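**Q** Structure below; questions to follow.
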């Protein structure tokens, strides 16, 4: 009985103290919420993110000055020499045979087999699906060899400080902003979906979508530099090279799009469902033949309606590591509509936007522990299919323009 009375007394004192502190806790929460929302949503417009990237440039310059560039160049040359095996019967690098003439030793063809395997593994297509290796260290150990930290104690200290900043300051703040932004997007897009169709709904949806995507972009410290805005799509079909799932988000911070894509589950699927409530996005199942056949009809209907936002497509159909543009699927180019090409090039010095991880959550974690996501976007002049031009030829013409503007290798191979 005495224990029960003690518990009641403790509980009452706890409620009393909580009632005293609660207003300050709520006020502090709202202050943090408001501050993060302001920084995340207007940070791009007032240049906060650009100043942050300039500070990173200064940091990388200091780090590069402390590196022994001669050793790095020497190591790279040694690596290239070791990988440069000439497949020739008289190759001087082939080991001398220890067997007598007329006899065969199993190790003799090994240099040639190794060279053949290396040619298969290091082909031009395979390189397009692996994380891009940087020439300079950006203090992210996953993008460069660990040897840079052993060059000097100051570099080790700089790397440790960078880890503390990225994992214990930036990442928790970004997670909070991501949760806030996704929740806000779900609520606002649901409210927009309740409005009657018309011109006002289109304007409100465009403003809400761009604002929400800019809010989400703040959780990754996205800095997007848009060029040639006079070519920005207004209707019809916009096509772009594809590096990651955030390509749509980066583009949508400047222009409202309706999107076409593969249905997904989990966090990405919830994100897609939220978008569908306010506009006419097209999600399909790639393995379902009926879905694929219906997409062309929906695309034509959407492109013919100039009151709808431009629809965004990634004709490569798969993510590439931002070094090349692979073969475009011809489906979008069979549509009788104006095509707006867009070239997107990410700067891997600050963080790799390429999705090579096994799961989407791993990919999000990788980006949230990066310094920033920096991209240059070019709006290219609108194009139309010629009178006697096939869909394949038209797609190659658009792809060549995107590859040239973005500085990518133009490949004729299918990513699949």
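Heads up, residue numbers simply count up from 1 along the chain you see.
Backbone N, Cα and C define each Cβ position, glycine as well.
Keep in mind that TrEMBL annotations are predicted by a computer and have not been checked by a curator.
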**Q** Out of 132-150, 151-169, 227-245, which range is noted as transmembrane segment by TrEMBL?
**A** 151-169
**Q** Quick one: sort out which of 107-126, 207-226, 247-266, 267-286 is the transmembrane segment according to TrEMBL.
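**A** Of 107-126, 207-226, 247-266, 267-286, TrEMBL gives transmembrane segment for 207-226.
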**Q** Which sequence-distant residues neighbour the transmembrane segment (207-226)? Criterion: at least 6 residues beyond either end, Cβ under 8 Å.
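**A** Answer is 37, 39-41, 43-44, 49-50, 52-53, 170, 174-175, 177-178, 180-182, 184-185, 188-189, 192, 232, 246, 249-250, 252-256, 275, 278-279, 367-368, 370-377, 379.
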